[in-house]
Amino acid sequence: MASIFSKLLTGRNASLLFATMGTSVLTTGYLLNQQKVCAEVREQPRLFPPSADYPDLRKHNNCMAECLTPAIYAKLRNKVTPNGYTLDQCIQTGVDNPGHPFIKTVGMVAGDEESYEVFADLFDPVIKLRHNGYDPRVMKHTTDLDASKITQGQFDEHYVLSSRVRTGRSIRGLSLPPACTRAERREVENVAITALEGLKGDLAGRYYKLSEMTEQDQQRLIDDHFLFDKPVSPLLTCAGMARDWPDARGIWHNYDKTFLIWINEEDHTRVISMEKGGNMKRVFERFCRGLKEVERLIQERGWEFMWNERLGYILTCPSNLGTGLRAGVHVRIPKLSKDPRFSKILENLRLQKRGTGGVDTAAVADVYDISNIDRIGRSEVELVQIVIDGVNYLVDCEKKLERGQDIKVPPPLPQFGKK
């Protein structure tokens with residue numbers, strides 16, 4: 001049971017208290033993190049019964065709409081997290097956006113770490129549906145950042161044009177972007193850039209505040225796939241993540257632009273390792289080394305990342321729980337992409353395709369963004385190895401089609417662990 005003082009130092013209460021005490025306490029994060037956050041549930045009385053508030057989801061096609069029932073809504077509607085976040089705030093983005101024509105979206109977000117506990121009766125089935133059977137009530141997630149275990153990590157660069165690995169991390173004790181105050185968002189930025197200043201060697205770099213960039217500089221970074229896009233996506237706008245834009249947002253990158261940190265977009269931080277060409281092993285090695293060093297530097301300053309053994313690393317959208325990892329390549333496969341078996345091959349290899357510029361974009365010059373489907377239930381090493389093995393299979397298929405040979409649909413990979 002958390003002490004009264006530790007409860008006082010949760011979320012917005014902490015921000016207000018620390019604001020009166022000065023930034024020196026905020027910088028260390030010491031008081032806030034002495035005890036794990038306690039998901040103390042409280043009730044917020046409403047004027048109307050739950051049935052009067054229940055959203056109309058009859059035309060919706062997202063995970064939240066499929067899992068939410070009047071009974072679950074009635075049970076959870078009046079509950080509030082210690083930071084004041086409600087069920088209606090969690091689901092608003094899914095209510096406002098019925099669904100995507102090609103991708104089944106999640107339809108809900110978390111406002112803080114406690115949301116996943118307070119509203120578990122909805123989050124757990126949504127997670128199970130989104131992650132193809134991963135049940136957070138009975139399963140545990142594993143983490144493995146040992147890049148030396150990776151094999152066959154060099155792609156044929158005639159086909160693979162670039163390689164990238166990314167993840168997200170959230171700072172415990174501060175609300176997530178849908179619910180954070182301006183003070184909390186600025187504190188995320190402060191904690192992150194103070195830690196990043198300690199990076200050395202090939203990881204050393206500098207921070208660029210979005211509010212200090214010209215429109216031209218921003219667009220150039222976006223076009224080069226270094227910077228997150230402007231806040232126009234329904235996920236960001238309807239969930240409240242675009243508030244106060246561009247305050248306390250920015251990008252940190254090393255001098256080679258191969259190791260990047262996005263700050264205060266969809267998550268507190270997004271950690272990215274990327275480079276031109278097909279050396280995925282080197283990209284993942286840099287990713288693991290940089291991520292471990294960032295975590296060490298943040299812990300030195302009295303903070304820690306949100307994590308638990310049920311859900312792995314805690315992020316805003318349930319789709320990114322677990323590793324939060326997306327390993328992807330830009331690969332040119334003109335013949336395979338036109339083969340009717342292409343989608344089934346991807347499905348069996350646990351891979352997904354996007355256009356050259358990401359979701360909702362076309363494949364330019366037959367270049368596709370290919371990445372892992374899964375995020376949770378497998379370790380980082382396993383997911384990257386799946387991408388390596390799968391992309392090598394796709395390239396081999398492309399070569400066979402070039403020679404006029406037949407290709408085969410591989411047997412499906414098991415979803416969780418080795419069978």
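Positions of Cβ are set from backbone N, Cα and C atoms, glycine also.
When Swiss-Prot is compared with the stretches 40-64, 165-189, the one noted as region 'Cardiolipin-binding' is 40-64. In three-state terms derived from DSSP, Arg270 (ATP binding site) belongs to an extended strand segment.
When other Cβ atoms within 10 Å of the Cβ of Ser162 (ATP binding site) are tallied across all protein chains shown, the result is 18. Looking at Arg270 (ATP binding site) and Tyr255 (phosphotyrosine), their Cα atoms lie 18 Å from each other. Annotation for Arg164 (ATP binding site): same-chain Cβ neighbours under 8 Å, separated by at least 6 residues, are Ile272, Ser273, Met274, Val283, Ala327, Gly328, Val329.
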